[in-house]
Amino acid sequence: MAGIRVTKVDWQRSRNGAAHHTQEYPCPELVVRRGQSFSLTLELSRAPDCEETFIFMVETGPRASEALHTKAVFQTSELELGEGWTAAKEAQMESTLTVSLASPPNAVIGRYLLSIRLSSHRKHSNRRLGEFVLLFNPWCAEDDVFLASEEERREYVLNDSGIIFRGVEKHIRAQGWNYGQFEEDILNICLSILDRSPGHQNNPATDVSCRHDPIYVTRVISAMVNSNNDRGVVQGHWQGKYDGGTSPLHWRGSVAILQKWLKGRYKPVKYGQCWVFAGVMCTVLRCLGIATRVVSNFNSAHDTDQNLSVDKYVDSFGRTLEDLTEDSMWNFHVWNESWFARQDLGPSYNGWQVLDATPQEESEGVFRCGPASVTAIREGDVHLAHDGPFVFAEVNADYITWLWHEDESRERVYSNTKKIGRCISTKAVGSDSRVDITDLYKYPEGSRKERQVYSKAVKRLFSVKASGRRTWIRRAGGHCLWHDDLLEPTTKPSITGKFKLLEPPMLGHDLRLALCLANLTSRVQQVRVNLSGATILYTRKPVAEILHESHAVRLGRQEEKRIPITISYSKYKEDLTEDKKILLAAMCLVTKGEKLLVEKDITLEDFITIKRAHPGASGEGLSPV
């Protein structure tokens, strides 16, 4: 009898694609998810007999081996048995055989080569059947990335468009973003990102063997989406002109960025800022099968020295002293959350994990951040992997203001310490509305529980008793200091202040507002008010000063007064950045030595004129762009 061989393979793309929720991928090869069976139909040269065996082999990556779990050899059986790869006969009609192959739920993800060996009466026939791509599987209960809700799987894995929130706390804007994970070449590009990583370049076989673990994969992607340590996807740029590239504000999706990176032979794409990095990483992780969403944090701390406080040094006009102030508070910052189990930490920390591709601080020598368990952040478990102190500070640092004197002494200024981590937002499941998820990151601001968690975090981080919440400062002139930043100044100032807009802040118009001061006492108060204003980036970094003036104010008993402020368009137009943001500050110096700092962030609006066209209408309307 002549040896048997495979003459044709039907990958059943339609059937398998529907079963694996992969029918949207336009790849020529089959795309399936791990931990779930898929079917093939083999046309044979003749009908097989009972003594003939079908042995399958799958391989991924260079130097594939069974020891590294990047290679598996298995033969058909009547049932799908075992913890590894399996093959089972589904149906046979003469010389046509349908088999069901299944990967384990912890299989390495990536592109595989499938081969078959047919053994018949001491005769062997080997054939490469072709390639297929294996992804993470949030529909599989045994997969670490399993997500129970079908509605959430459709939103966080299958939805190829979304909303990213930007702006300031009191004026949050929604921007549409095309993730496009099912667009042409995107899956291949996402796999290429893994292959271009330094870990793969240095030791490809070991790197591929680690791709069963979502912790490892997301950490690699977090580093590779920015270009700081490698030829990653996006090059960041925060100040000045965007010569030779695209302004971050002009991107509307990830597809053009990823395709440009590929066509440019992996040269970083210019330019990105936090929402661009987050949008691209959301595309990559959804494409690979990990449920991922984009999260925006307003008044987001950048704590450079990991002391869990943002220490801002100002002069007598409330202007930030850049040489002394290493920490910062961004108007907003955007990162990602991905859903998976933390086998390294235990089940209490399963669920949403923070990942951040914006290159802010190094993590183990590489610009990346996460995964950090959101639960660990909320509970103050900042000692757990990865990058807990940095993420905790982003949402829960205290904002401490210091007045720096000419004799190089400093003085604590009363200001709002609770402004960090506001309106933490993400797109709602199934709609474009904004959902506030601040309570997932921290207990109510200022509550006893929140203070206890903060104390716990400091204790974890510094191994000190946190009864007074002492934290370490590396500041002025390189000196190291302790300060008890739990303690407010002994008494609140005897005056209050607040900036109030008198007109909507419109680009191209003068800015009109007032500083409203109130005397809280029954005695007359003399107040020196030093006003300053600057155009800023969304990171709150000053660009140019546009206001500098002083006022002597007499406040009678319980009296309220307004100081009118006008900043002409001609004063700010040359120095306004694309962020269209202005920061105002008022340092209020009360006679008895009390000091109060009042700040306000303003975002100028673009307006267009719309003429009503319907019958009977007259006039024009203004609408924000």
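In case you wondered, yes, glycine gets a Cβ from its N, Cα and C as well.
Automated prediction, rather than curation, is the source of TrEMBL annotations.
These features come from TrEMBL:
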ACT_SITE  Cys274  active site
ACT_SITE  His333  active site
ACT_SITE  Asp356  active site
BINDING   Asn396, Asp398, Glu445, Glu450  Ca(2+) binding site
DOMAIN    266-359  domain 'Transglutaminase-like'
Counting only residues outside Asn396, Asp398, Glu445, Glu450 in the same chain, those with C-beta within 8 angstroms of the Ca(2+) site's C-beta centroid are Ala397, Lys418, Ile420, Gly421, Lys442, Gly446, Arg451, Tyr454
Cys274 (active site) to Glu445 (Ca(2+) binding site), Cα to Cα, whole Å, comes out at 25
Counting every protein chain shown, other Cβ atoms within 10 Å of the Cβ of Asp398 (Ca(2+) binding site) number 21
For Asp356 (active site), the spatially nearest of the binding-site residues Asn396, Asp398, Glu450, using Cα atoms, is Asn396
Rounded Cα distance, in Å, between His333 (active site) and Asn396 (Ca(2+) binding site) is 14
CB contacts under 8 angstroms to Glu450 (Ca(2+) binding site), restricted to the same chain and 6+ apart in sequence, sorted by sequence, are Asn396, Lys442, Tyr443, Pro444
Whole-number mean pLDDT, the domain 'Transglutaminase-like' (266-359), equals 96
Comparing local Cβ density (other Cβ atoms within 10 Å) for the recorded positions Asp356, Glu445 points to Asp356
